Amino acid sequence: MSIEVGQKAPIFTLPTDEGEMLSLDDLKGKKVILYFYPKDDTPGCTKEACGFRDVWSQLSKAGVVVLGISKDSVKAHQSFKQKYNLPFTLLSDKDNTVCEQYGVMVDKNRFGKKYKGIERTTFLIDEEGVISAVWPKVKVDGHVAEVVGRL
């Protein structure tokens with residue numbers, strides 16, 4: 001299932017990097033940048049997270065919420081967040097339920113080994129909970145600027 005512009009964003013509840021539960025439904029009335037990434041503390045994922053960190057003051061002043069989602073554990077998210085001073089929330093989707101809902105789980109092949117993994121994807125969700133932009137197969141360079149430009 002892939003999510004397209006104009007669709008209602010699938011509602012989910014996941015544990016945050018602080019171990020609390022967060023529901024997308026709780027963020028109605030705010031713009032949300034929801035970005036899915038493969039793994040904490042890897043080169044591309046770190047660069048993407050630090051990109052959002054570096055424009056955080058601009059985003060927070062505009063009332064925009066940034067949420068990062070991966071399969072990493074709450075503990076891994078805590079370490080990643082602390083190591084890179086990330087000011088936004090990271091969510092743990094250990095069983096890939098939300099990744100599947102949003103259609104970001106894809107077949108991958110690394111060194112001949114086939115597996116299911118997260119395809120780096122960003123969704124912009126408007127104040128009504130509707131998808132207003134989608135960036136599939138994200139290339140990290142220039143991505144954050146492109147997202148900010150759509151706000």
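Including glycine, each Cβ sits where the backbone N, Cα and C put it.
Under the three-state DSSP scheme, Cys45 (active site, cysteine sulfenic acid (-SOH) intermediate) falls in the helix class. The Cβ of Cys45 (active site, cysteine sulfenic acid (-SOH) intermediate) lies under 8 Å from the Cβ of Tyr37, Pro38, Lys39, Ser70, Arg120, each of these being in the same chain and 6 or more residues away along the sequence. The feature active site, cysteine sulfenic acid (-SOH) intermediate is assigned by Swiss-Prot to Cys45, with similarity to another entry given as support.
Here Cys50 (disulfide bond) comes close to Tyr84, Leu86: these same-chain residues lie at least six apart in sequence, with C-beta atoms under 8 angstroms from its C-beta. Residues or ranges marked as disulfide bond in Swiss-Prot: Cys45-Cys50.
Annotation comment: Swiss-Prot describes 3-151 as domain 'Thioredoxin', evidence class sequence analysis. As a summary of secondary structure, the domain 'Thioredoxin' (3-151) carries 44 helix, 46 strand, 59 coil according to DSSP.
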